[in-house]
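Below: the structure, in structure tokens.
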Amino acid sequence: MAFYPLQIAGLVLGFFGLVGTIGTTLLPQWRVSAFIGSNIIIFERIWEGLWMNCIQQAMVTLQCKFYNSILALPPVLEAARALMCVAVALALVALIIGICGMKQLQCTGSSERVKAYLLGTSGVLFILTGIFVLIPVSWTANIIIRDFYDPTVHAGQKRELGGALFLGWATAAVLFIGGGLLCGYCCCNRKERWHRYPVPAYRVPQKDNQRNVTVPRKSSTSYV
């Protein structure tokens with residue numbers, strides 16, 4: 001029970017990481033229209049996400065449309081889709097394993113060792129989820145920044161960083177922290193059990209010639 005707060009904090013952060021991963025995957029604000037040069041259209045904003053693009057007109061009307069073809073999408077978008085879907089699945093599995101490893105739920109019996117390993121596994125999966133979220137978000141941001149400063153790209157085709165990218169970075173940080181706490185609990189639990197049950201000292205067996213031999217005591221009777 002000494003490390004119970006680490007379990008709670010790690011699982012709570014993991015839950016928020018799962019919610020953030022789902023939000024980052026579904027939100028269309030990965031790429032937003034840039035207002036530079038002659039492209040100053042303040043009454044229309046364009047959002048581009050993994051699954052749809054949206055056009056907001058006059059800050060009131062919002063029209064969204066899913067991408068019609070999967071094969072016609074850019075390879076970067078297809079890779080980002082795949083990585084984010086894997087991230088959602090990993091976060092969900094990690095959360096389920098972490099809940100089963102909690103001390104209050106007797107899913108694993110009374111073995112503290114099994115529970116610690118389950119929470120450690122959950123932490124590793126949360127960290128992997130953070131990596132899977134960080135890769136497509138940072139990759140997309142790098143492409144946006146590169147095209148923004150590329151003079152050969154038309155001003156109407158340039159985009160800026162959307163809110164979903166910032167949400168993805170924050171989600172990756174939360175997943176790293178939550179996974180680190182759960183892995184830390186697993187390590188601390190192993191050290192605690194190591195000190196609680198010290199290794200018994202090794203005793204060298206005695207040889208046969210070193211055994212104690214009882215010598216009969218001589219009688220003290222005096223002969224007259």
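From the backbone N, Cα and C atoms, a Cβ is placed for every residue, glycine too.
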**Q.** Range annotated as transmembrane segment in Swiss-Prot, from 8-28, 29-49
**A.** 8-28
Q: Quickly jot the same-chain residues contacting the transmembrane segment (125-145) by Cβ under 8 Å, restricted to those at least six beyond its ends, or write none.
A: 10, 13-14, 17, 21, 24, 30-31, 76, 79-80, 83-84, 86-87, 90-91, 93-94, 97-98, 159-161, 165, 168-169, 171-176, 178-180, 182-183
